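> Heads up, here are the entries from Swiss-Prot:
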type: MOD_RES; residues: 10; note: N6-acetyllysine
type: MOD_RES; residues: 19; note: N6-acetyllysine
type: MOD_RES; residues: 19; note: N6-methyllysine
type: MOD_RES; residues: 24; note: N6-acetyllysine
type: MOD_RES; residues: 28; note: N6-methyllysine
type: MOD_RES; residues: 28; note: N6,N6-dimethyllysine
type: MOD_RES; residues: 28; note: N6-acetyllysine
type: MOD_RES; residues: 37; note: N6-acetyllysine
type: MOD_RES; residues: 65; note: N6-acetyllysine
type: MOD_RES; residues: 80; note: N6,N6-dimethyllysine
type: MOD_RES; residues: 80; note: N6-methyllysine
type: MOD_RES; residues: 80; note: N6,N6,N6-trimethyllysine
type: REGION; residues: 1-43; note: region 'Disordered'
């Protein structure tokens, strides 16, 4: 057997295609549903972390103004009817409520981390309030 000279061939850069299994081939040959592309989804937690960073940077109020105002008026009705509020008073209340909630959630998160969890639970909020002396 005589040796022959081998010539260089252009490489495609990939592996040789493998034979498909019968079930895969049947699936691929089945008619597609109009070529509808699935919407892009991020991994669980990615969007949550992005929102956390965004809200930590921002300083604007996160509770909508009108629903908060309705809630304040509804609670005030239990104490005295026909109470009037200045818009600045409602704004000051909303600022303090949001500051309180942010602080409570920070303490709640510390309680969850102490319990070696990353998800806050009702018992974490209860513990945080108890440690603050707000609830006996």
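Numbering starts at 1 and runs along the chain as it is shown here.
Glycine residues also receive a Cβ, built from the backbone N, Cα and C atoms like all the rest.
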> At the level of the C-alpha atoms, what whole-angstrom distance separates residue 65 (N6-acetyllysine) and residue 37 (N6-acetyllysine)?
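Here the two Cα atoms are 39 Å apart.
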> When a 10 Å sphere is centred on the Cβ of residue 65 (N6-acetyllysine), how many other Cβ atoms does it contain?
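There are 12 such Cβ atoms around residue 65 (N6-acetyllysine).
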